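Inspection log for the structure reproduced underneath, given as structure tokens.
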Amino acid sequence: MSTVLAPRPFWSLAVLHARFQFLETVRIPIAVIGNLLFPSLALLFFVIPQRAVADDPGIATAAIAQLGVFAVMSTCLFSFGVGVSEDRALPFDPFLRTLPAGAGPRLVGRVLNGVLWSYLALVPLVLLGTFLTAATLTPGQAVAAIAMVPAVAVPFLLLGLAIGYRLSSKAAIAVVQATLFPLAFAGGLFLPPEAFPGWLDTLSKFLPSRAARDLAVQAVTGYEAYAGALVVILAWTAVFAALAVTAYRRDEGRRFH
Amino acid sequence: MTAVVELERVTRTFGAVTALDDVSVTVGEGELVGLLGPNGAGKTTLLSLVSGLRKADSGTVRLFGGDPRHASSRIALGTTPQETGLPPTLTVGEVVDLVARHYPAPMTRAEVLARFGLEELVARQTGGLSGGQKRRLAVALALVGRPRLVLLDEPTTGLDVEARHILWQALRDYHADGATVLLTSHYLEEIEALAERVVVIGGGRVLADDTLTSVLGLVGLRRVLFSVPRVDAVDLARLPGAASAQQGADGRWTVLASDADRVVRALVEQDVPFEGLEVRGASLEEAFLTLTQKKEEVVR
């Protein structure tokens, strides 16, 4: 009783959890490879063969940016939505909560891990874009793109948490897939919004995926996002944050039955 | 003596079920306490309150004098994960490191692995361990942070005899170094092997809290079974050596006895016309039931 021991610092615990979550993810590579591969395949099969798109620096860069938004979105929804619900099913999770660390470091570790995987998901897209299309970035735009990744990641990460804390892992996989693809399509991540009929374009402007896409495209090409894109994404971020917090609190009450 | 764990009039319900009903228990520094009780008695709920996983509905729970729900109160607490709950893709060494780095002055990886004979498994993924190896690792994780209090929930359930004895020895050694240990079990044998003090819990209440020897006397009951045409002359429950008497649906009487020989002698002396006499060991479950009944009689 003589020695007073202080808990380990918050950030070293957060990094510790991020590291071990990274290890856990990387050892089941199929989950990650799916995430990394799909956007690159879409680029390879649907964008690169269309030389009118691939050879135009502006349009090619925009196409890569929208697939990049998709890559970040799917990484966040899968690693947070499905990952959190799988963790909750493991008895290791309550064990970790008895260690001298709050829920904070583990959650922050998950965020760090999600952002890291988002960057990794962009690597094949950037490589394909550089070597097989006319896409280009000025140094300023490259910095903007790097800064955009966490900004795009946060709302979808919160949505993932809301799903992961509310649903069992089987239900979470289904809900993530049912959310991801319609949001991506209607948000103009597969087909550019210019190809949309008028009603879909209008609807699309209220979606977080469309707002994220337009802001990302603006950051790397200078094509102006529609007015209100920033408001739409901030509003959705607030909604998803509220949903995530409610889901987390309900889970605390329900888990213990 | 400093209290390591203090529960004061703690009640915790889950919907309509009362898991703990007005429980008060204090565990002092350096004690080795066994929580004994049938499944569903409230043992696991009690541990989850002490480890900060759950919150009491009423009453107070203190861990080293603080609220166990604050991470800083858990700095000297070690618990075990359920063996099925280890992250399958991490190796034994990695899981040990992950847990160790939450503590200010943990054991080295080599030391903790040696204590539990896990040295050769350091690079093995936990998903590939046998049940006994997982169980040893689980207990190792409870000790790696050099906690002053170790909570163990059914630590050796499902282990073979040899593995059980190795684990018991490791726990005795750790306790001998000055740590406080609180373990649950529904095996009397495990409690007998380890505990110095025993708290018996049943139906969410503390039924007995005493030294190992006294509790063993309380629960070491035998069953005396027989049929009698009529018993109006004798009160079977008040026979010397008897604790309680009950007539089953088939008409046979069961006398729970702390001293079965004296009961049989008394039956003969008092000329009770019994038939088909049997004497059997009472199960722990039955022993708990008698304890519960006695408690209710006292309350009445």
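Glycine is no exception: its Cβ is also placed from the backbone N, Cα and C atoms.
Bear in mind that TrEMBL entries carry predicted annotations, made automatically and left uncurated.
What TrEMBL annotates here:
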DOMAIN    A:19-215  domain 'ABC-2 type transporter transmembrane'
TRANSMEM  A:28-48  transmembrane segment
TRANSMEM  A:60-82  transmembrane segment
TRANSMEM  A:116-137  transmembrane segment
TRANSMEM  A:143-164  transmembrane segment
TRANSMEM  A:171-191  transmembrane segment
TRANSMEM  A:225-248  transmembrane segment
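The transmembrane segment (A:225-248) and the transmembrane segment (A:28-48) are not in contact, since fewer than 3 Cβ pairs between them lie under 8 Å (pairs 6 or more apart in sequence).
Here the transmembrane segment (A:143-164) has Cβ contacts under 8 Å with residues 65, 68-69, 72-73, 75-85, 88, 111, 114-115, 118-119, 122, 137, 172, 175-176, 179, 208, 212, 215-216, 219-220, 233, 236-237, 240-241, 243-244, 246-248 of the same chain, all six or more residues outside its ends.
Listed as Cβ neighbours of the transmembrane segment (A:60-82) (distance under 8 Å, sequence separation of 6 or more from its ends, same chain) are residues 25, 31, 35-36, 38-39, 42-43, 47, 53-54, 110, 113-114, 117-118, 121-122, 125-126, 128-129, 133-137, 145, 149, 152-153, 156-157, 159-161, 163-164, 169, 172-173, 175-176, 179-180, 183-184, 187-190, 192, 209, 212-213, 216-217, 219-221, 223.
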